[in-house]
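Student: Heads up, here are the entries from TrEMBL:
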- A:539: ATP binding site (BINDING)
- A:12-217: domain 'Aminoacyl-tRNA synthetase class Ia' (DOMAIN)
- A:220-346: domain 'Leucyl-tRNA synthetase editing' (DOMAIN)
- A:365-562: domain 'Aminoacyl-tRNA synthetase class Ia' (DOMAIN)
- A:607-716: domain 'Methionyl/Valyl/Leucyl/Isoleucyl-tRNA synthetase anticodon-binding' (DOMAIN)
- A:536-540: motif ''KMSKS' region' (MOTIF)
RNA sequence: GCCCGAGUGGCGGAAUUGGUAUACGCGCACCACUUAAAAUGGUGUCCCGUAAGGGAUGUGGGUUCGAUUCCCACCUCGGGCACCA
C-alpha cells in the first residue's frame, strides 16, 4: 500500500496541467461558454491570505464543474496593482513601486499556482502595465469626450500631518486612516466623473440582474433614490426677488411647516452673508444650531410668512440645500424648533402630493472624485494649455506613462510628486503647439478594476481594449440579460467597486463598444476568514496564517477541502488549525479506498445517486460545507464494505475532483485511465434507481416521538395507521386515551393526537 | 438612529414547502492493534434521571396536531449607512 504523498502528487499534476494548458479558454468554440470571475487580488507585501484561497477555491469548484458539464470555461486571474501600500513602501525605501509590484506578483503567482486553481494563466493582466493602463486612459478620454469627465473645485479630505489628499474611503470617522489625525476640508480642483447621470439606470437595472438580495439592497441604499417634490417659497421683506426652492418627500405636511432651514452655502449664496454656521465633520456633535437670517418666506399653501434659518443640519449637497421645517412630523425639525422656541402645529390639514410643486427624483449618490495627488496610479491623460485650456492627450500618444521620479513623497502644496518632474510636465499643446503642462494627478485605484474583466477576454489586443466579436462571445448577445456569468467577491466591494464598474460598463455600452448594458449577470459574496478567536488576522497581532505552510504540511487539496468545510461560504468564520486534520483524514480514507476496488464486480447495494444529487445542488448554491459532509458520509458508508466496484469509486472521484483536483487526478490515473479526470463529464443522477423497499416512519403522540416503524413503500395511509397503533410502545401510550385526530405525512411521520 | 445578517453541544456547524433538533468534522472518554507511543480502526459523547420519562435551538409571548423554521415584543453580536429632508 502506497501512502498518500500530497507533495509529490500535487507538484506532478500542477506541472502536467500547466504543460498541456488544459485550463486555457478557447475563443472559438461550439460549446456553450461560462465566464467565472473572482476579484483580482492586490499583490500586497504580506503575501496570499487564506481568505484568497477560500474565494478562489469556491469559484474554482464551480468552473471545474462547468467544464465537466461541457462548457467552454473562462476563469482568469490578474493583478490590481496600483495603490497605496506599494506607494507607501516606495516612499519609505526608495525602491520603485514597479519593482515592488513585480516582486509581490511573483510571490502571489507562485502561491496561487500551489493552490491548484484552474486559472487560464495565459490571460494574466496587470493594471500597472502601460499596455493595460493605456486603455484605462482611453476610457477616461472617451468619458471626457462625452462630457462625463469634468474639472471642479470641491472640498477634499486633507490630512495636515501627512500633507496628503485622502479619498473618502481613506477617512475613518473623520480621521486619517493611517495616522489618525483629524481630517480637514480643503478646496481643490479635481477631476470628476458624472456617475450621477447614470444614477437612475444603476438603480433600475438592478431589477434585471441576479445579485444576492443583500447586495442589491446595499447598492440601492448607496444610490439612495427618493421621490419627492420641489416647492418654491417666495422671499419677501428685504428686497429679495428670489425664491427658495425646497425639496421634500413629504409635501403632504406643508401645512405643518413653521420655518425654513438653509444649508450654510445656500444661505451665503442668497444673502451674501456668512452666518458662521458650519456643518461639522465630527459626527458625534449632533446638536442642532441655527441663526435667523431675518428673511421671511411665504408658504404657498396658506400664505403664512415663515422665518428663514441657517442651520448646521442641512447639507448643500443634497436636494436643494433647503428644507421646510415641519417640527410636528420630523424628529430633527422638532429638536431644532424646541431649542429656538418655534411653533409646533399639531393636527394640521394634509395636502396632496403635487399640490404645491413639481415631482422630482433625488439621489444620495455624488459624482466620483477621480483625482489623486499620488504617484502610483494611472496618469490622467490631460494637458492644460495657457491658450486652449484643457486638451485631451491624442489617442495616438497613449499610454501616458509614469515617469521615473527620485522621491515618491507628495509635495507640500498637496500636489502629486509628478509635479516636480518638469521635463515630463512641460509639453506642447496638442492643439496649438504652444506652451502647456500635463495634468499631474493620477487616477484612483478603482479605475483599473472597473473594466479588467473585459481585458481578460482579449488581453493582448493592441488595437482596442478587446475585440467586439470576442466580447460578444464571452458576454453574450442579449444586451439586457448577459455579462460575466458569475462574479464572486467580498461585501466590502459592493458599493464602490461594483457600482463603479457597472457605471463604466454602461458608458461603454452607450458608446457601442461592449455588447451588454450590465457587466455581471450574477453576483455572490463570500465571508471573511478571521484568526482563531474571531479577530481579524494582522501582522501586528502575529496571527496571520500563511497558506504555504499549510500546503506544505497537509497539501493544497486538504487546505481546499478544509476551507470549503469550515462553515457557510457567505459568512465570516474563524480559522482553526486543529480542525484541518479532519479534512486530511477524509482524503486519506479516499486514497485508501483504491485498495478495495474490484474491477468486475457490480456494486448495487449503496446508492450513489443521492450523493450525486446533493453534491451537484450544493455546489450551485455555494453550500460547499454540506457538499463535503455528503461526500464524507458516502466515504464512511462505503468504507464499511468489503469491496467497492470501480464504477462507483470513479463516480465518487468525479464528484470530489473539483474540491481536491490533484488527488483525484492521481487516483484516476492509477485506475488505468490515460486521459485527465478534467475531461470527464459530470455524473448525472437517476432518482428512480434509489430503491427504498422499506421506509422508516416516525410515530408521534401529541407531537412527541414515541416509536419508529418500518413500512413497505406505497402501502395505504390506513395500513400505516394500523401498523403504528399496533406498535407496542405506541399502544402503551395510547391505553385509556381517546384518539382525536391522526396526521400522516407521507414517508415521514404519523402524529396521533389524543 | 436607520438598513441588512446571525444567535443551536466543550468548539466549527447540520436540519426539504413547518414534520425524528444536534448530520458532518474537531475535541474528549473508553476499547482494539503495539514492548510502548504515534498513527489507524471501533464504541460512546446536549442536559437531568438507574430506568420509565422529562427538559433544551438568545429571552418572553403567540399561531399550529407539530416551530431552529412563521408572527409580535425584547436582548446580544457582526456588517453597512448616517443630520439624505
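The backbone N, Cα and C atoms fix where each Cβ goes, and this holds for glycine too.
Since we're looking at a predicted model, the values are computed, not measured.
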Student: By a simple count, how many Cβ atoms lie within 10 Å of the Cβ of residue A:539 (ATP binding site), its own Cβ left out?
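Tutor: Taking all protein chains shown, residue A:539 (ATP binding site) has 9 Cβ neighbours within 10 Å.
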Student: Please give the sequence-distant neighbours of the motif ''KMSKS' region' (A:536-540): residues at least 6 beyond its ends with Cβ less than 8 Å from one of its Cβ atoms.
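Tutor: Non-local partners: 46, 49-50, 528-530, 575.
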Student: Please report the three-state DSSP label of residue A:539 (ATP binding site).
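Tutor: DSSP call for residue A:539 (ATP binding site): coil, neither helix nor strand.
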